[in-house]
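A.B. asks: Below is the structure I would like to discuss, written out as structure tokens.
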Amino acid sequence: MRRPVMLICALAVMVTALSGCWSRKELGDLAVAIGLGIDRTDKGYRVTVQIVAPSLAAASSGGSGGPPALVVDTEAATIMEALRKLTTKLPRKIYLSHLSMLLLDEAMAKDGIRKPLDFLFRDHEVRPDFDVAIVRDGSAYDALSIMTPLERLPARDLYDSLNGSQKNWAPTSAVRLLDLMKWFDLDGQEAVLTGLHLVGNLEKGKTKENVESINSPLKFEYRGIGVMKDDVLLGWLNENDSKAYNYVTGKVKSTVGKVDCPDKAGTFVMEVLQAKSRIIPKLHNGQPSATVKITIEANIAEVECSLDLNSREVLDMMKTQAAKRTQELIAGGIRKVQSDFGVDIFGFGTKFHKKYPAYWASKHNQWNEEFSKMDVKVVMDYIIKGRGRIVNPPLKEEEP
Amino acid sequence: MSSRQLTMLLALHYWGSALLGLPSMMIGLSGKDAWAPILLGMLFQMLIIPLFVAIYSQMNGDTMGQYLVRTLGKTAGKTMLALYLFFVPFLIFILTLRSLGDFTSNDLFIETPPSAIYALILFALVYCLYKGFNAVCRSTEITFPIALVLLVMLLLSLIYGADWSNFLPVFEKGVHPVVEGTINFMAYPNSEVALSLFLVPLMKNKQAYQKALIHSTWITGITLVLLTALIIMVLGESLPPNMPYVSQFAAKTVTIGGFYERSETVVTVIWFIVIFYRLILTFYIAAHGCAELFGLKQHTGLLIPLALASIPLAMNVWDNPSVIAELNEVWYLNVFFFNLLCPLLWYTAHKLRNRVKSS
Amino acid sequence: MSVFLISANVLLWAWQIRRFRGKRANVRDKVIVYSLYAIALGLGIMLAENWIIPDLLRPFISLLGQVNRLFGTG
């Protein structure tokens, strides 16, 4: 008699545990958010959420009917309030664990992003692995409402594009929430965020027309890296300076650079395969200076002038030209940041902290001023690895 | 109980609350040198082990209650036992229970009232202890390898995002934070070696006991050092003190190759396993000690009422989590007194008594 | 929730009494076990009625704080 009773008791306890009375989250009750947008308004924030519409986003269902994702937005004084208010517009509660993108608009960034981000740092459902970007000349609401031809879920498209472009094209930088968390707390490095442009006809971009024609009316483009001081956006870097930023922080995985041909008119293009950077801080009589040593391995990707690539001197000349060009680019970029913005986004401060702790302890409060006056030398180590499939460009001129 | 089982039980017990809370506390105290206090603490621990082995030989197979009565006399012995029981195992039990409730109601099941979690786990604890403590020891042979494998998996996956230069400059703020860190590490979790004294009647020989203590110390020490070091490398030194549950957050940042993601559930699983063993050990000691205190032969009758009483106690012990920070500042005093000074006291008292008797 | 606790307490106590009636346990055992149940019941009722403030560790912490000031690194 005892054993069946015990068994029933145990089963009863397990039933209470497994059915999860209190904290159960049925999948049908969740609105999975893949994109979040925060705009600044007078009342507070306008929060836009892009939600997956599951039955319509699945590829197997033939793409019939409506869009793969929905966008809902609302205004409130704080982010958490806005998210809860959104349940009045949706039959489900918003679930943030699958966020791919967070978009902020420029007005928000110029005001300071620490306050709205506190919710994202604090909530336990939010994971720190999504990307953050600033929408330039537009609102996050618009950016999240576009349809994208290649990927069904627009926020995923933005995320994949940002990460892909960081790997293949130096001027963009994928900044995760984790990176922002680290930079906000660090004295020696300031935050950066990538800028997103929407190019084209915004109204058409929000409709199915964007997906239906070969040349979609609205395209998005990542352009420029925004320099921030603490949590306020100061300004934007142009393409070359953004490249410099990525070179110095060692984030370049592969990119392409144009170089003038030595002695002849025309340009050739190097494809960078590997770029490593080392920042060596130096302290001289209490004055900081740094050397940035960049090691690049590159392939010749495109030659538009007539050069004899079989000759060693020509390759050497190309190498020195490429190295010089890159060095000017990087040095120019660093100088521009020093003079125009005066904030250390490259992380020189953390290097000084690690090597000269005593100096850092005395100067870290005025690090940004020290950084602007600092002398930075760029040293290149350039290696040409390969030339591609053909050696000489087609139709090479004959030497007279 | 074999030496291997005791090793595993003690290792699981030390990992108990340390896995989730220790890195944050250590990094808060010692910054990026948080690996140093753990190593130092481990070394000190090894030095203290001989004291406990000596007490083991003095105890001669008695339980703690009988040993204390023999050493200090009937009333003093029983009072000492009562005090110790209340301030160490029982208190740790309630606090650990409470931290389990806090964790689940903050991070996992937000709407569940913590008392439901307590009821569930107490049911499991009472049932396991009804089957006898030996059964529990044998179960560690299964769960310890699981916990170890999951922990190693976690450590390996953190290596990918690690930045090795986060340790520099070493000892930036001098030795003082390291000393503070060592004291705190000795206090929690390491001084709970004293709790193993209660398990002495189950251990057959001295060599096995000593081996178990030494092995559990270095296993725990090394894994905790690696965990703390990896957390410093992945997150830096300013983020962890701000987050109570760093190990889980660090696991959230792991993405390798775009497909190995979301492994923070591993941390939760490990944590549940080790918390269970910490709870079961302290609960057993508290119940068994109470039984001896009142002269009962079996402790099984006491399990259910103690469990029932601990639910309201656990819920009332503090009203908001910021008390934890205050408690952490002073906890080492409690533990040093009961787990280090008192065994020393008992050892010397026993020696003196023997000398008096023989003279 | 506290209703559940108190009812569980009472039920388990009743079960224990029944077990004791079967075997011949001595008075001492019974008294101790029953008193523990009574304490558990009391605590449960206190929890339900909110008679005690949920800050039981406070005196302990202040005691340790005093000792810390005298001896420790505080």
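Note: Cβ is positioned from N, Cα and C throughout, glycine not excepted.
The transmembrane segment annotation in TrEMBL covers B:12-29, B:35-59, B:80-100, B:112-130, B:142-162, B:182-200, B:212-235, B:269-287, B:299-318, B:330-349.
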A.B. asks: Find the member of B:142-162, B:212-235, B:269-287, B:330-349 that has more C-beta pairs under 8 Å to the transmembrane segment (B:35-59) than any other listed stretch.
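C.D. replies: By Cβ pairs under 8 Å, B:212-235 leads among B:142-162, B:212-235, B:269-287, B:330-349.
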A.B. asks: Quick check: do the transmembrane segment (B:299-318) and the transmembrane segment (B:330-349) share at least 3 Cβ pairs under 8 Å, counting only pairs 6+ apart in sequence?
C.D. replies: no
A.B. asks: Between B:12-29, B:112-130, B:212-235, B:269-287, B:330-349, who has the most Cβ pairs under 8 Å to the transmembrane segment (B:182-200)?
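C.D. replies: Comparing B:12-29, B:112-130, B:212-235, B:269-287, B:330-349 against the transmembrane segment (B:182-200), the winner is B:330-349.
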A.B. asks: If we skip the immediate neighbours and take only residues 6+ beyond the ends of the transmembrane segment (B:212-235), which ones have a Cβ under 8 Å from one of its Cβ atoms?
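C.D. replies: Sequence-distant neighbours of the transmembrane segment (B:212-235): 3-4, 6-8, 10-11, 14-15, 18-19, 22-23, 26-27, 32, 34-35, 38-39, 41-42, 45-46, 49, 52-53, 151, 154-155, 158-159, 161-164, 166-167, 189-190, 193, 196, 203, 246-247, 249-250, 253.
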A.B. asks: The transmembrane segment (B:112-130): which same-chain residues, six or more beyond its ends, come within Cβ distance under 8 Å?
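C.D. replies: Same-chain residues near the transmembrane segment (B:112-130) but 6 or more away: 97-98, 100-102, 104-105, 136, 139, 276, 279-280, 283-284, 287, 300, 303-304, 307, 310-311, 314-315.
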